[in-house]
Each structure stands twice: as structure tokens, then as C-alpha cells.
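Some notes on the structure that comes next.
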Amino acid sequence: MSNTFTVNIISPGKEPFIAEVESLTTVLEDGEIEFQADHAAIIVSTIPTTTIIKSGEKRENFFTSSGIIYFKDNVLKFCCDAFERSSEIDVIRAENSKKRAEERIKKAVNIDIERAKRSLARANARLNTSNK
């Protein structure tokens, strides 16, 4: 048995990330999940977070937005709204997005609070990922 599996991360407007890896760790609504080779078949939804991919001594951090993961037969398919390597994150843009979302939440007048909270979660996840 191999200790690796195939990861395929896809997002609109971006080239897919495809690699053989030893583990992928991400966050769901109810906590963290780590996938390794021969994981049980599963479908889960994710929240904006830092997703960690490990292969040998190499560790790579990605910002991943809300999405769906499907794992079966040592193939993990991760379809998400957005994904970025930590080195690709525009920190200034993320900080500005965070500030705008926080201001919208404070004012809470004629806006969609849930939309602002999702925007804030994405901005915080990007900033956390860029610092790792």
C-alpha cells in the first residue's frame, strides 16, 4: 500500500492544483479533519481556512474558501470558491477586505450581516494563511 494519495483542488478561473501527497488537513464547520492514504470514502463541506498539504518533508499552506471535498479510492477532489498558496495572498487586499467587513458588521444597517461575516471569515483565513 502506498502512503500517498492524489489531491485535485479546483476553483473557478484558476489552474487546478494536482499532486501526490501524504496528508491534507483542513477545517469543517465542526472541526479539523486530516486525510491520509486509504481514508474512508467521504463527502464533506469546508469553511474558509488554512489548508495544509504535506508530502515528505515538504509542507505547503493554502488559503481555501468554502467548498466540498470528495474522497474515494485514494483520490481527493476539493472544489472550492477560491484557493491560493500562502505566497500568492495579497495581504493588503485581505486587510482592506477585513476592515470593510468589520465596518459593515458594526453599522448593521441595510446590509446582509451573514454576507459580511462570510467576507470577514475569508479575509481572516487569508491573513492567517499568509502568516504561516
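Cβ from N, Cα, C; glycine included.
As annotated by TrEMBL, coiled coil applies to 91-126. Looking just at the coiled coil (91-126), the mean pLDDT is 80.
Annotation source TrEMBL lists domain 'ATP synthase F1 complex delta/epsilon subunit N-terminal' at 5-82. Residue counts of the domain 'ATP synthase F1 complex delta/epsilon subunit N-terminal' (5-82) by helix, strand and coil are 0 helix, 58 strand, 20 coil (DSSP-based).
Annotated domain 'ATP synthase epsilon subunit C-terminal' per TrEMBL: 88-130, in sequence order.
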**Composition by DSSP (helix, strand, coil) of residues within the domain 'ATP synthase epsilon subunit C-terminal' (88-130)** = 36 helix, 0 strand, 7 coil
